[in-house]
Amino acid sequence: MRPAHTETVQHGRALRFAHRLYALGPLAGLIVLCIVGTLLNRDFATLDNLMNVLTRTSFIGIIAVGMTFVIISGGIDLSVGSMAALIAGSMIWLMNGLAAGVGGHTLAPLLIVTLGIVFALVLGGLFGCAHGLLITKGRIEPFIVTLGTLGIFRAVLTWLADGGALTLDNSLSDLYGPVYYASLFGVPVPIWVFLIVAAGGALILNRTAFGRHVQAIGSNEQVARYAAIRVDTVKIITYVLLGICVGVATVLYVPRLGSATPTTGLLWELEAIASVVVGGTALKGGEGRVIGTVIGAILLSVIANILNLTSIISVYLNGAVQGVVIIFVAFVQRGRR
């Protein structure tokens with residue numbers, strides 16, 4: 001008969017092995033999808049297509065990095081798509097106003113674009129801070145708060161655009177365009193920014209006290225309070241980080257079309273949440289990895305790209321595919337905790 005402690009050690013090793021195997025799941029799925037995509041259409045594996053996939057991933061991926069912190073802490077944000085739309089419209093409105101002149105004086109285009117970018121980041125941080133305060137100090141569920149602001153943000157943008165589109169002034173488009181269209185060493189700028197945000201997010205989550213506090217709160221908020229962790233402050237910061245990430249993604253996205261409409265950012269919240277959960281972050285909080293989120297975001301973009309190239313099913317069903325993925329992953333996660 002085996003000693004009890006031996007069985008305990010073996011059980012612990014088995015759990016660790018299962019956890020590592022689960023963590024490799026998204027990467028294995030991505031590899032399989034890439035192989036399938038290559039077999040179905042030769043254009044899939046071309047450098048241009050891969051860069052297109054990664055550029056498309058960058059916007060959602062940056063937001064998903066911020067969403068990872070929120071979900072690990074036990075929260076959620078349903079408003080990020082509408083938030084991006086309002087930030088885009090607001091920064092275009094501001095830059096167009098500055099380009100028209102202030103008090104009879106015209107600012108340099110570079111200064112106007114710089115002010116617009118800073119404004120977008122600050123506005124994103126303020127929106128995130130408002131969410132955090134309503135959730136922690138107002139004691140309102142994250143789902144309710146962000147569901148409410150989802151409608152508010154998009155309604156305000158629709159009002160600003162008078163139901164149409166806010167278009168960036170032509171005098172600024174050429175200067176601002178390289179933020180999206182330029183490349184560095186053959187790699188588009190949005191991809192570089194995505195890599196920097198992801199690396200920074202992974203460093204914060206895994207190597208700082210703040211990251212450990214985020215995970216502790218998601219695992220057991222009451223125990224975290226007993227451990228003298230400033231739970232409310234940490235939660236507010238996670239939403240601020242997410243808001244800033246939305247601002248960064250919007251700054252990169254605006255020069256792509258040079259406009260903001262009531263449909264800008266539509267379903268981005270679904271894609272961001274799907275990226276996080278597909279990457280292995282537990283929907284109940286307490287556990288997750290930024291690298292997993294990055295893989296999840298790329299995986300979903302690959303699925304969309306394969307649908308575009310092969311027409312296996314209508315591209316209009318891409319949102320439905322992502323919804324099915326979220327439900328499936330949530331089902332798989334049931335027995336993890």
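Easy rule for this one: first residue shown is 1, then count along the chain.
Positions of Cβ are set from backbone N, Cα and C atoms, glycine also.
Nobody curates TrEMBL annotations by hand; they come from automatic prediction.
Bear in mind that the values here come from a model prediction, so they are computed numbers and not experimental data.
Per TrEMBL, these features apply:
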TRANSMEM  21-41  transmembrane segment
TRANSMEM  53-72  transmembrane segment
TRANSMEM  84-104  transmembrane segment
TRANSMEM  110-135  transmembrane segment
TRANSMEM  142-161  transmembrane segment
TRANSMEM  181-205  transmembrane segment
TRANSMEM  236-254  transmembrane segment
TRANSMEM  266-283  transmembrane segment
TRANSMEM  290-307  transmembrane segment
TRANSMEM  313-332  transmembrane segment
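When Cβ-Cβ distances below 8 Å are used as the criterion, the transmembrane segment (236-254) is approached by residues 58-60, 62-63, 65-67, 69-70, 73, 75, 77, 80, 83-84, 87-88, 91-92, 117, 120-129, 131-133, 135-136, 168, 176, 179-180, 189-190, 193, 197, 210, 214, 260, 265 of the same chain, each at least six residues removed from its ends. Within the chain, the transmembrane segment (142-161) has long-range Cβ neighbours (under 8 A, six or more residues past its boundaries) at 70, 75-79, 81-83, 85-86, 88-90, 93, 127, 130-131, 134-135, 260-262, 264, 269. Between the transmembrane segment (53-72) and the transmembrane segment (266-283) there are 3 or more Cβ pairs closer than 8 Å, counting only residues 6 or more apart in sequence, so the two stretches are in contact.
Here the transmembrane segment (21-41) sits against the transmembrane segment (266-283); at least 3 CB pairs are under 8 Å, leaving out pairs fewer than 6 apart in sequence.
The listed stretches are 110-135, 266-283, 313-332; of these, 110-135 has the most Cβ pairs under 8 Å to the transmembrane segment (84-104). Residues 267, 270-271, 273-274, 277-278, 283, 300, 303-304, 307 of the same chain lie 6 or more positions beyond the ends of the transmembrane segment (313-332) yet place their CB under 8 Å from a CB of it.
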